[in-house]
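Some notes on the structure that comes next.
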Amino acid sequence: MSIGRPCHLRADAGAPDDITVDGKPPESDGAAERCAETTYGATEEDAERELEQEKEVPPDEREAMLPNGGGGGGDAGEEEGEKPETRLFRRRFAVLTVFSLYSLVNAFQWIQYSIITNVFTDYYGVDNDKIDWLSIVYMVAYVPLIFPATWLLDRKGLRLTALLGAGLNCGGAWLKCASVSPELFGVTVIAQVVCSVAQVFILGLPSRLASVWFGPQEVSTACATAVLGNQLGTAIGFLLPPVLVPVTPGNLELTGHNISIMFYGTAAVSTFLFLLTVIVIKDRPPLPPSQAQAVLPDCPPEDYSYKQSIVNLIKNKAFVLLLISYGILTGSFYSVSTLLNQMIMACYENQELNAGRIGLTLVVDGMVGSILCGLWLDRTKMYKITTLIVYGLSFLGMVVFTFTLDLSNIYLVFFTAGVLGFFMTGYLPLGFEFGVEITYPESEGTSSGLLNAFAQIFGIIFTLIQGKLTTVYSPLIGNIFLCVWIFIGTLLTALIKSELKRHNVNMGANSNHLQAVSSQKVGKSVVRSCPCSVTGSSLVGTFFSLASL
């Protein structure tokens, strides 16, 4: 059996070879059902004999004949026409916990420099923009590397991708320990680059992990929890560095000692989590957790076209709108997080510690929003309306934060930052899950990877422009710039056409128009790996498909 998901299904209403995934075919059609595992070259008498045998099968056994897709249902069940067996395993909670924890550490390493920008500029003797780039490099590295990373996820599966993420995160943390010297700024840059590469193998995994390990009534909550780990890491990154590395003017030796404590502690935790990753994380459970996972065929890797999967996503207009709107809001969050220290310091003197606490408030409230949104989606499946409402409230939160930042009331900033964080960071898992729904059955890793890539692109652009506007003019001008873009993103979100493809398969609706997507030449192995019931016009479509080989 191949690892990961080397072949996917594509929703295609006009496909000539429809595949019935769930539900009983119309009786009026009069067409005999036939399993797709066909022996080519069979005689006409053999075909008639098979039809007679199928007519003897009771109707309740012929219903919902789903392809097993390597989920572990077994061939025996398929031959009897039963639904593939699905089951939830306790191990899924351990997998989710370990992933969330090493994602937490990676996010901590992203923000640990920028939240105490003034300390690192004094220690290394560099300008603010050099420290800003230690955060921006996370975004820069992600864009070119996301395509090989998602390709690897599809080809080799969840385990190898997770090991790369945790391993590189650990390596970068130890390399930072060797950079604690005023003249070794270049070493800390290299270390941060290594951590940024690790992030490429982390950010796109939440929706894939949730889909592969969790059932339909908990998948959105699981995705939100996986994203929660990254958000919690950002929150700790806002809180701990100002405490561990306080301002010590004129005492570089003490500053270096404090930085060493932070770096060595991070490296020790990263090492422990890497070992847990080796032990705990597997590609998939022995049995699929849902019918949506069960219907995905386990085709040979050579039959899978990653390029075609990307093309299918780009042709999906709803997903393109989501790409842009997700990139705008998430990029705005990245920009605000990176420049928060500079914004607070420009409006409130000697408030480094409070700047970290405000950042903590921003993210912790967002974590609460993430969990609540995940629970809400699992209960209602109202993806578009929830996404639109949260996006609109994020815009309002950004407006309020912008115009109350410089009112000389630091406690008001705590409140407005908390409101902004609740909606802005609470949106992150919504975007992931909405993307999976409207692009199913394409790979969750590919759709999430593209969403994150656009978030990084917008994050780079917004951070550079807002940083310049904040330095040259004021934080007010920089924040107004973001408000305009978030408003545009709200309008784009309203235009997204909501089609819940994964949910429909789990509910047994609209599941008779799925066909395999592989390389351009479809071989017998693809057909034989997708046992299914075929009716009416699909027999004709199958005949012409085979005749064209």
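Cβ coordinates come from backbone N, Cα and C, glycine included.
According to TrEMBL, the feature compositional bias 'Basic and acidic residues' maps to 24-36, 50-64. What TrEMBL lists as domain 'Major facilitator superfamily (MFS) profile' is 95-501. The feature region 'Disordered' is assigned by TrEMBL to 1-83. Annotation comment: TrEMBL describes 93-113, 133-153, 160-178, 184-207, 219-241, 261-281, 318-336, 356-376, 388-405, 411-430, 450-467, 473-496 as transmembrane segment.
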Cβ pairs under 8 Å between the transmembrane segment (219-241) and the transmembrane segment (356-376), at least three: yes
Contact between the transmembrane segment (411-430) and the transmembrane segment (450-467) (3 or more Cβ pairs under 8 Å, separation 6+): no
Distal contacts, the transmembrane segment (133-153) - CB-CB under 8 A, six or more residues away: 4, 110-111, 113-114, 120, 160-161, 164, 188-189, 192-193, 195-197, 199-201, 203-205, 208, 306, 310, 334, 337-338, 443, 445-446, 449-450, 452-453, 456-457, 459-460, 463-464
Long-range neighbours of the transmembrane segment (318-336), counting only residues six or more past its ends (CB under 8 A): 139, 343, 362, 391, 394, 398, 420, 424-425, 427-428, 431, 434-435, 438-439, 447, 450-452, 454-463, 466-467, 482, 485-486, 488-490, 492-493, 495-499
Contact ranking winner - 93-113, 184-207, 261-281, 450-467 against the transmembrane segment (160-178), Cβ under 8 Å: 184-207
